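**Student:** Per TrEMBL, active site, nucleophile is recorded for Cys263. Per TrEMBL, NAD(+) binding site is recorded for Asp30, Lys35, Thr85, Thr121, Glu150, Lys266, Arg332. Annotated substrate binding site per TrEMBL: Phe147, Leu148, Arg149, Glu150, Lys207, Phe252, Leu253, Arg254, Ala255, Gly256, Gly260, Lys325, in sequence order. According to TrEMBL, the feature domain 'UDP-glucose/GDP-mannose dehydrogenase C-terminal' maps to 318-420.
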Amino acid sequence: MKISVIGCGYLGAVHAVAMASLGHNVVGIDSNLAKISSLSSGQPTILEPGFEGLLREGLDSGRLAFSADPEAAGGARVHFIGVGTPQKPDSHAADLAFLDDAVDSLLPRLHEGDVVVGKSTVPVGTAAALEPRIRRAGACLVWNPEFLREGSAVRDTLEPDRLVYGLSCEEADARAGRDALDECYAALIAAGVPRLTMDFATAELVKVAANSFLATKISFINAMSQACDATGADVALLARALGFDERIGHRFLRAGIGFGGGCLPKDIRALRARAEELDLHEAFEFLAEVERINDGQRARTVEVLEGLTGGLEGRRVAVLGATFKPDTDDIRSSPALKMASALVERGARVTIADPAASAEAVAAEVEGAAFFADVEAAVAGAEAVLLCTEWEQYVRLDPARIGELVSERVVVDGRNALDPDAWKRAGWTYRGVGKR
Ligand code: UDX
């Protein structure tokens, strides 16, 4: 199958290398020349396990190429659109400008019988509004949302929990779209991945519903962590006991300083904005509460630190982690950096450690904090240590060794990831989130 992937950001780049690994001929297209030149020379543009290997394998096999020229899409039959749909600067709604540009540049290159596959996360109703333009060009449209997580994006693409096809209500287009995707994903379907067909609107909603549900689950356990703090209960034990109920499950019940990243925060806001347009304000108001609880976790953690240090003004606080979660270099909407900024605002002298984030990117987000890739340099002289991102190397830190570097042994575990007993044994005052 000849495939083009338009947009070589996180989603598009991973999709392109994954499709090439399945044996398809793929061209990835992006207007960012630096990105194209990097990918074309086998240099990964994202930190993602398995990505570099598949990128090089694809390039070496001759099945994978990248181009900044929209003309390159002309040779393909199936065109995946994986451009970003960020939050608009002046509202909570999703900005569809990149999607519109991608469609505009694709339309003149489409041939009769081509299939356009939307993968971007979009407000419900987007595909139906786009379809007439695609049909006029002789092609058909499918909406095929992507559920990949950073840090396991390659595996999530090649071994997804499910494939979702949003199909046209025109029967011939629906059949053509479904058949083309079945061919693209033949290996996955043969391996038993469930494949669900539905209308455009349902497919668009599946994606935002999944992310909103996950965000709600996190805020739920974070609200419970407050009840635990108030009563001396332990949220980790509570979550473990809850999770054995198969209807609830263990995952996404880790209490802490909350969720961040390029998707969850943006997607719940975009769903609320779309719900307003659909006159469903009341039904989706709870998502505002989900966000309020999320922000509140940071504020509460600042208070805990304030209490433990007897006031943050002039205090040296080492923040461990800058990325929004471990195993990525992504700092978008990172709870760790929100914490760091809040501490700087309270007058603390803040150092930030992270093994993957770039110093420049962190400096652009947090003013007045010093960044160190090396954790020991960041904690040297600290009066309090705050774990914000549960990188494996931070979880495994030796509390006795770190204790020799700091001036006060106070640790706040913003991810409930450290072993409280080990830290206490080494003479630390330990505080987790919702833990006795
Ligand atoms: C998310 C969705 O999981 C994925 O399906 C979708 O395609 C894109 O958005 P991602 O943004 O990579 O993926 O991160 P995810 O692993 O979902 O974590 C999001 C945030 O939630 C992180 O900040 C993480 O630290 C936090 N989190 C996660 C918790 O605070 N507690 C948990 O129990 C789980």
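Including glycine, each Cβ sits where the backbone N, Cα and C put it.
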**Student:** Work out how many Å separate Phe147 (substrate binding site) and Thr121 (NAD(+) binding site) at their Cα atoms, rounded off.
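**Tutor:** Distance between the two Cα atoms comes out at 9 Å.
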**Student:** Between Leu253 (substrate binding site) and Cys263 (active site, nucleophile), how far is it from one CA atom to the other, in Å?
**Tutor:** 18
**Student:** Rounded to the nearest angstrom, how far is the Cα of Cys263 (active site, nucleophile) from the Cα of Ala255 (substrate binding site)?
**Tutor:** 19
**Student:** DSSP helix, strand and coil counts for the domain 'UDP-glucose/GDP-mannose dehydrogenase C-terminal' (318-420)?
**Tutor:** 35 helix, 19 strand, 49 coil
**Student:** Select the most exposed residue of Thr85, Thr121, where exposure means the fewest other Cβ atoms within 10 Å, treating these as the binding-site residues.
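**Tutor:** Checked Thr85, Thr121; of these binding-site residues, fewest Cβ neighbours within 10 Å: Thr85.
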**Student:** Including all protein chains shown, what's the count of other C-beta atoms within 10 A of the C-beta of the residue listed as 'active site, nucleophile'?
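**Tutor:** Step by step: centre on the Cβ of the residue listed as 'active site, nucleophile', count other Cβ atoms within 10 Å, giving 25.
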**Student:** Report the largest Cα to Cα distance, in Å and rounded to a whole number, among the residues Asp30, Lys35, Thr85, Thr121, Glu150, Lys266, Arg332 that the record lists as binding NAD(+).
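**Tutor:** Taking every pair of listed residues, the largest Cα separation comes to 24 Å.
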**Student:** Asp30, Thr85, Phe147, Arg332: which of these binding-site residues put a Cβ within less than 6 Å of any ligand 1 atom?
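**Tutor:** The binding-site residues passing the 6 Å Cβ test are Phe147.
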**Student:** With H, G and I counted as helix, E and B as strand and the rest as coil, say where DSSP puts Thr121 (NAD(+) binding site).
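**Tutor:** Note: Thr121 (NAD(+) binding site) is coil by DSSP, not helix or strand.
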**Student:** Using all protein chains shown, find which of the binding-site residues Ala255, Gly260 scores highest when you count other CB atoms within 10 A of its CB.
**Tutor:** Ala255
**Student:** Would you mind pulling the longest C-alpha to C-alpha span across Phe147, Leu148, Arg149, Glu150, Lys207, Phe252, Leu253, Arg254, Ala255, Gly256, Gly260, Lys325, which the record has binding substrate, in angstrom?
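**Tutor:** Maximum Cα-Cα distance: 24 Å.
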